[in-house]
Ligand code: NAD
């Protein structure tokens, strides 16, 4: 099948590469000329495990191409829209890029095409896009809602082996095309759930809001643990063992970040506000998350009795989670800004996010090539992202390199007992 994917970011590039890999002829389009130039030269503008190989292989086998031009849309049977939907000033999703992409697609349509909204968009956007496009083209088309559920860091696996595919359309023609496209990815009896577009649009927000709720809930329980002398790890295991609850997304930490949970929770609250539904649970979820992003700085303030100015701190992890370089809404930003604001000096290490961090912080912080270089002479270590390579360090070496043996572990990756035995003053989240 001929497919165009508009927007070549984390979602569009992964979707485009996976769809090419399953035998389709795919063109990934982006308005960012530098991004397209990099891709044409064989470089990836983002870090995602396995993506570079997948992209190169499919380019070599001539199933995947890149362009700043929408010309490929004219011959495509299916066009995916995977552009960003950042939060607007009032928290609602900003549809500017979606509508610009839809208008450009409409201008290039020739024959019947299924236009598929993969971007996360508020309920009613599928209708809105259809109406906007109908004003610009005589060609036949359907607009379909097909939200994406992939996770950065495991995006290829998630796209190729999804728990489910959600497709919102009333069109039989579009339904057949989407069923054909996704057939290679649902061979293990995972369902393609066909539904109406509004329900499909809301499904994406409901799923992300539920996951964010579990995280904030556990962060509240973690705070309670600290105050009443319980251990959140034991509580998590005990509660998660109940099959109705399960273990996923019950890890306390420094709050959720990334390009999805924060903006999708606030967009859902905004949608509620516009329709007269007060989504109080989600407001509390946001409130807890804001508090949690400050947790490490608050602990440091207490430990150093407010005397943070002039201290040298090491920070492990910059991205919002491991195996990605994405720093959008990363708790690390909050932690680092909080410490800088109190006059500390910061040295960071992240296996892949340094280039992205440099754009954000410039020369306000410095970078170390290894976790060990990072802690050299530090007055405390802050662990913000739970990269696997941070989990089992040589504690003696770290203890000897640091000026003061203090660790604020925002992801509970260390064993508190082992840390104390190694001579550290250790602070976790929700631990005794
Ligand atoms: P991104 O910022 O990485 O990529 C978006 C791309 O769209 C950019 O490269 C940008 O240059 C391009 N673009 C913007 N306007 C354009 C236009 N008019 N024509 C062509 N290209 C244009 O964003 P992302 O993280 O891939 O997210 C895309 C959408 O998918 C969002 O709605 C997001 O909520 C949703 N989503 C993201 C994830 C994730 O993990 N990142 C997961 C599921 C869903």
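Quick reminder: no glycine exception, Cβ is built from N, Cα and C everywhere.
Quick caveat, the model's predicted, so the values are computed rather than measured.
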Of 85, 188, 370, residue recorded by TrEMBL at the NAD(+) site of 30, 35, 120, 152, 263, 328: 85
Of the candidates 75, 190, 204, 392, the one that TrEMBL places in the substrate site of 149, 150, 151, 152, 249, 250, 251, 252, 253, 257, 321: 204
Residue 30 (NAD(+) binding site), DSSP three-state class -> coil
Between residue 152 (NAD(+) binding site) and residue 252 (substrate binding site), the C-alpha gap once rounded to whole angstrom: 19
Measure from the Cβ of residue 152 (NAD(+) binding site) and count the other Cβ atoms within 10 Å, all protein chains considered. 25
Quick check: of the binding-site residues listed here (204, 250, 257), which one has the Cα closest to that of residue 35 (NAD(+) binding site)? 257
